[in-house]
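Trainee: One structure follows; several queries about it will come next.
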Amino acid sequence: MTPPPASPSKKAKSSWLLIALIAVIIGIILCAGVITFLTLFNKNGDGPDMDWQNATEVPLTTTSKATVSTTTTQSATTPSTTTTRIEETTTTTSGAFDESVKNSEASTSTIPTTEAVPTTTATDAPEIVMPVDVASILKDKTKDFEIVEKCAEIQALPVSCTPSQSPLTSDPSKFQPIHYVLNITIRDVRKPVLEGHMQLFASTKDQVQAISLHSVKIHNLENRDRIHVVNCNTGETICVSRVHQIDDLIHLELAQSISSGVNLRVDIDGFISADSGPHVFKQIPTAKWRVPQMIGSVFEPTSARHVFPSFDLHNQKSTFNLCLNHGPSMSAIANSLINPNVSTSGISCFEKTVPLIAQQLSFVAFEKTNPLFYNTTTMDGAYLPEIDMIFNLNAKNFKQYEWIHSEVSKVMALMSKWSGFSYPLTRLEIVVAPVQAGHSALGVITLPAQAIAYQKHTSTHETLIKEVIGQWMEGVVTTEHTCFEKALIAYVEWKINEELQIVKKTRKMEVSKIRPRNLNETADSVRVLRQIKSQSSNLCSPRFVEVFYTLDETYGQETVIGMIRVIFDKFAFSTATISDWASAAETATGGRPEAGALIHQWYRPSSTISRPVLRAVVSSNSVEFNQLTEETWTVPLEISGSAGTQLAVISEKKQAIPFVSSDYVVVDAGRKSHAFVVYDADTYLRLIRCFGDSRCPSKEIGGIFSDLGAALLANILPKPENQDVAKWKSVFKFMAQQNIVEGTAACCVEHAIREMRKCSYWDIQDVCTKIDFNIVLAAVA
């Protein structure tokens, strides 16, 4: 009997089973291939399972919109905590980086860095700037630290002696401070009254018989029983025979002469500062104004001497150990972290600082305030420290202040990159306080509360940027010439704003604002530079900023950045001179000596007209320059014409530069130079035609005529020859018609051509009639 044929349903089922079996086999083969590939991939150390903890390089993960988890807490002195998440564009590293940061603080070994791998875009990945090894940089200070430790153990013995017949004096510049152990007690916040005692370790740089310290209105110093001097080299206690004050110096007369190179310890007990004025800020809560009580320092040059006796010169750096007795209701911050092993309730003692000048010492005591705290992270490859923000208000809306952290982080990342020197501390304190102007001391930034309240104001962001720059340009490297320091900070702020567009302005725009309309006058120095009128007897001129613009525009946009890198490589935690910066300028420009001369001459004491003014006479085959000022300057200038642009260096009183052009010739056509250039009458007449000509090598002819007005007011122009009077009147008539100059300059231009439409009687009588150039022109009908 034949079996019946299989049913159609069973055939279909067998087909599906066969297909499934084939699919499983193919899947197994594919899985085996993937596993084999991943195994080989990981052996090369490039796969996602790479052992980051044992890697020889720090792996980077770059994201266009990375989420940084940031803990926002009250400081250790307050119990409550809140947490917020902040979205930032940042370059993050793995946890291995955080571990390397901790290791760098405990070891002097350097941290291996990686070169960023270029992305598929045209922009290269950011340069990696790792935390600096502070211990390695300060290794040459080890001997000083040993001197302090040994000398601190020497007991000062009671000694007696008779005063000399005539008072003896010395000078603070004959000493180099090594270390301060400073204890300050806040006796009264309202006045304020500060009491203190200190140990000062210093070495002599010359033979002396008196120790001279800066001290202004500090009481209890006249009692010599409160002062002891120890010779650290011999262990001997040196008798202080007399203490007397002359002007801003307290002189401690010694019973014996001390030779150069001797290490001394000066103990001063119970001094009182009751007149610290603008050098210490305070905030007192009232029934209507419920704010945290605060008191803190905002030291400008010569401020420290109002609070404690000190060597208060700009080139006298030393380390500090500060203890602040503020009472149990308050907390405190300073340049360095609190030392928990020494601090107690009501007394905050801080770790030893890196070397600082006296004006860089900073402390703030406060109560009942709400801080914001941000953990260590990175941005664009740069290390960012912990950032602790303290406010003078009991604010509850944390997010309204997050922009401060965002801007600070961006500027710190850029400063790390430009200087090649990462922020050297583990924490930055930012204090919003009732102060007149911003202040920067290494580790502490103090911001004016009134400015921070108005985030949309341009000056608010300018202040913040300058104070962050000050962490590097004043804190890490100090320059003896304070005006150089302030001017460089102002210029770097302009460059940073061009880069980050925090404030929409350009360097060219800012230089144009401060370029004088009268060579005998300058712009508002307080607006441009970071300084306080009430605290500065000699304000710095804004003209000091211009030289950096000249360097960048003449020799390349990386010139000033190159100078900064050279200085930070050589002078971190020490003081640089103008000569050091001049040498750095020469190095940054590839060995051009005129760049160094530019720095030297720009910061030398000058006559009334403190910039180069040159008269250019254009002929068919050359341009002849005559310097019109008393001083001779070295001036790099571009000469532009039909054949192109040529860079010339003018270094003599009278100098001819070969130059041929078939049409117009313009010196400094791009307005790059800090120098003023005036011309002969024939050249000005040609420049009038150049004014609207597309072939003109300069688009800023108006500025050239404006400079003529400034030179006219300064009475520096040579008297015109009789045959040129008509030409000059044509030039001045053009200036008046085009309204190129304004104010007194416009009046004197009109006076020269007898068309005084806008002139006041006093301008004519007091200024215009006394200008030699005008006397000649006005005398001719």
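Heads up, the Cβ atoms here are built off N, Cα and C, so glycines get one too.
Residues annotated as compositional bias 'Low complexity' in Swiss-Prot: 63-94. The N-linked glycosylation site feature in Swiss-Prot is assigned to ASN54, ASN183, ASN341, ASN375, ASN520. The region 'Disordered' annotation in Swiss-Prot covers 63-113. Annotated signal peptide per Swiss-Prot: 1-27, in sequence order.
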Trainee: Just give me the nearest neighbour of ASN520 (N-linked glycosylation site) among the glycosylation sites ASN183, ASN341, ASN375, Cα to Cα.
Mentor: ASN183
Trainee: Do any residues at least six apart in sequence from ASN183 (N-linked glycosylation site), in the same chain, have a Cβ closer than 8 Å to its Cβ, and if so which, in order?
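Mentor: Sequence-distant Cβ neighbours: GLY196, HIS197, MET198, LEU322, CYS323, ASN325.
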Trainee: Count the Cβ atoms, other than its own, that fall within 10 Å of the Cβ of ASN520 (N-linked glycosylation site), considering every protein chain shown.
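Mentor: There are 13 of them.
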Trainee: Translate the DSSP assignment of ASN520 (N-linked glycosylation site) into the three-state scheme.
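Mentor: Its secondary structure by DSSP: coil.
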Trainee: Relative to the Cβ position of ASN375 (N-linked glycosylation site), how many further Cβ atoms are located within 10 Å?
Mentor: 15
Trainee: Cα of ASN341 (N-linked glycosylation site) to Cα of ASN375 (N-linked glycosylation site): how many Å, rounded?
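Mentor: So the Cα of ASN375 (N-linked glycosylation site) lies 23 Å away from that of ASN341 (N-linked glycosylation site).
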Trainee: Within 10 Å of the Cβ of ASN341 (N-linked glycosylation site), how many other Cβ atoms are there?
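Mentor: ASN341 (N-linked glycosylation site): 7 neighbouring Cβ atoms within 10 Å.
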